[in-house]
Every structure is written in structure tokens, then in C-alpha cells.
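Asker: Copied straight from TrEMBL:
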DOMAIN    13-139  domain 'Integral membrane bound transporter'
TRANSMEM  12-37  transmembrane segment
TRANSMEM  49-69  transmembrane segment
TRANSMEM  75-92  transmembrane segment
TRANSMEM  97-113  transmembrane segment
TRANSMEM  133-151  transmembrane segment
TRANSMEM  172-195  transmembrane segment
TRANSMEM  201-224  transmembrane segment
TRANSMEM  236-265  transmembrane segment
TRANSMEM  277-297  transmembrane segment
TRANSMEM  309-329  transmembrane segment
Amino acid sequence: MADEWACVASVLLAIVIAHAIGAEMVSWAAFSAFVLLKSDIAETLVRGVLRIVGTAVGCGLALLVVPYAAHSLPLAMIAAETVGAIGLYGMLTARRAYAWLLFGLTFEMILFDKIERPDLDTIHFAQTRLLEVVAGTLACTLVSLAAGALAGKRWWMDRKPPPDRMRWHPHAARHASQAGLAIAMLPLLHALFNLPELPQAAVTIMAVMIVPVAGIGASGFVPVSRRLLHRALGCIAGGALALVVLILAQGSVPVLIAGTCIGIIVGRHIENGLPKVTYLGLQFTLAVLVVLVPDSYEHAAIGPAAQRLLSVFVGMAVLEPVLLAWHFVAPGRKVPQGSPAAPNAE
């Protein structure tokens, strides 16, 4: 249970820091603090740095491209596809994979938020997104170091060798291109049908496509579909718990905080104790956080969980046809034996 309580401390500290430094989407700071924390202190520190660097680079590119791409459908589709595919390919194959993932996710979120809300101040949005990541990373780092000190760990003496650099991998490139194609469809569908929840739908597509490279083979349809199912089930279960807490709380901040702690403990316990559904546990916790960690406790509502679930189905509706088409077009290819696996991140 020590890991679960460390996650609770990390999230609560992130909430305090986020409010102190003026971050506007406090749940994103809490989310950062939760997903960064690992039992290995050195890994936590490295992931924190990579999260900040990836977010900063994604923000920088978005500030250069989004003002033009958001007002041109062809340019928006090209930018969304290119950056999404590059970010995912880096996540699957690069040594600093986590930075590549955050680079792609951050760019897509800013681009699609601007498409959905044309009056959005892109510079301000990028600044607050970076603040939220810094708040979560700082909280997670402090808790990780404190927990290590209390446990007497000499983590600086136990350094793991860096992961091997993966060379060109055609299956990972094809897999990332499929994600890019699905993401590129979002601006078009929004223009034609006013498709909602674009930012989180793009995040869903990139996140569920993170599967071990060795397991992609001829098609990533099966493992990705499994992750989509776990994402949906985790969101439903976490949203259900959050709804119960909202009903019981009746606006009481202590009850909302207690419910947040319970959700974190349950979700982390699922992650740690049930290897086949670790991703479900992560999504359970994130659904709890988006509901019970609002920017102001006066505005706590179930709406964010419903929006998150809707984004899962939007992402599923766009991504599955792309994967299914390839699954039937080229079912016979095999991935080379011994391919290194990609980390199964958020």
C-alpha cells in the first residue's frame, strides 16, 4: 500500500502547487503527478524531465503552426497527421520515448482546442499547460525523493543502463502512420459534422496505439482494440465512483478530497495487482481526477467524465476503421523476432 499512499500524496501536493502557481486546469497537474510516480526514483526523475521537455517542445511548435493550421482545413489535417505520427513513432522506438509522446500529445491538444474554440488564446493556453505539467512533476519529484529518503534508498547508486536505441522499424512506422491518418480525419469530420471532443479524441488515438513494437506484427488491431476497451471500461467505472462521491458530498470539499484519495488508491491497486488490466486501472483513476479535481470545488460536476467517455468513443469510431481496413488488407505479414518492446505508457 505504500505506493498507493505515495500516489495520494503526490496528487494532493500537485493540486496545492497548481493553485499556488496559477495553473488553470488543476486536474491535468494531478494527472501528471499520478502517472509520473514510479517505484524507481531515478526513473521518476527522468520521466519528469522528459515530460516537461516534451510538453515545452510541443507547445513551442504549436505556437508556430497552430495560428495558421487552425484556419486551414488541409493544413490542419497535414499538421495533425505529421506531428501525431512522429510523436507516436518516437514513443515506440526512441530512447527518450516519453518526451516524444508528450511532444505529440501537447501539439495535438493545442491544435484541436483552437479548432474547437477559435477565440482561444493559444499563447495563454500553452503557458498554463506547461504550468500544469511543472506542478505535477514537481509534486511527484518531491514525494518520490521523500519516500526514498524515508525508506533509506540510495537510488543514485543503482543506476540502470539506458535503453538501447532502436533503429528504423517499418512496423512501428506503419503503426504510427495509421494513428496519424486517424488523427488527420478529426479536422475533416469536425468541419463536416461538427464532431465534438477533438482534443481528447486525438489523445485517445495516440494513447491506445502505444503497444509493444514486438506485438504489433501484421496489424495492431487486436492489442489496440483491447486498450480501447480498457480505456472505456476504466472511464465508466471511475466516472461511476466519482458520481457516487458527488452525490454524497453535496458540495462538501472534505468529502470530495476523500473520494479523490479512495479513487487513487483503488486505481493504483488495480494497476499494481492486476497485470492484464493495468491500463484499465490508470483510466479509472484519471476519470476520478477529472471529476473530483476541478479548477474550483464549487464547480465539481460529472460532466468532464462524460466528455472523456465521449472522446473515447469518438477516437474509437475514427481509429477502428483504419486499423480494421489494414487488418484485412495485409493479414500475412510477420514482425521480426526479437524486436524490442515499447513502454506501455499513458
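Cβ atoms here come from the backbone N, Cα and C positions, even for glycine.
Heads up, TrEMBL stuff is auto-annotated, nobody curated it.
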Asker: At a C-beta cut-off of under 8 Å, are there same-chain residues at least 6 beyond the transmembrane segment (309-329) that contact it? List them, or none.
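Answerer: Contacts with the transmembrane segment (309-329): 174, 178-179, 181-182, 185-186, 189, 195-205, 208-209, 218-221, 224-225, 228, 231-232, 235-236, 239, 287.
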Asker: As a test: from 49-69, 75-92, 97-113, 133-151, 236-265, pick the stretch that has the greatest number of Cβ pairs under 8 Å with the transmembrane segment (172-195).
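Answerer: Looking only at 49-69, 75-92, 97-113, 133-151, 236-265, the most contacts with the transmembrane segment (172-195) come from 75-92.
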Asker: Is the transmembrane segment (12-37) in contact with the transmembrane segment (277-297), using at least 3 Cβ pairs under 8 Å (sequence separation of 6 or more) as the test?
Answerer: yes
Asker: So how many of the residues in the domain 'Integral membrane bound transporter' (13-139) end up helix, strand or coil by DSSP?
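Answerer: Taking each residue of the domain 'Integral membrane bound transporter' (13-139) in turn, the totals are 108 helix, 0 strand, 19 coil.
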Asker: When you look at the transmembrane segment (75-92) alongside the transmembrane segment (12-37), do they share 3+ Cβ pairs under 8 Å, ignoring any pair fewer than 6 residues apart in sequence?
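Answerer: When sequence-distant Cβ pairs are counted, the transmembrane segment (75-92) does not touch the transmembrane segment (12-37), since fewer than 3 lie under 8 Å.
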Asker: List, by number or range, the same-chain residues at least 6 past the transmembrane segment (75-92) whose CB is under 8 A from its CB atoms?
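Answerer: Counting only partners 6 or more residues beyond its ends, the transmembrane segment (75-92) has Cβ contacts under 8 Å with 58, 61, 65-66, 68-69, 98-101, 103-105, 107-108, 111-112, 115, 169, 172-173, 175-177, 179-181, 183-188, 202, 205-206, 209-210, 213, 342-343, 345.
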Asker: Cβ pairs under 8 Å with the transmembrane segment (201-224): which stretch of 97-113, 133-151, 236-265 has the most?
Answerer: 97-113
Asker: When you scan the chain for residues with a C-beta under 8 Å from the transmembrane segment (133-151), skipping those not six or more beyond its ends, what do you find?
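Answerer: Sequence-distant neighbours of the transmembrane segment (133-151): 2, 6, 9-11, 13-14, 16-18, 21, 23, 28-34, 36-38, 41, 44-45, 48-49, 51-52, 55, 102.
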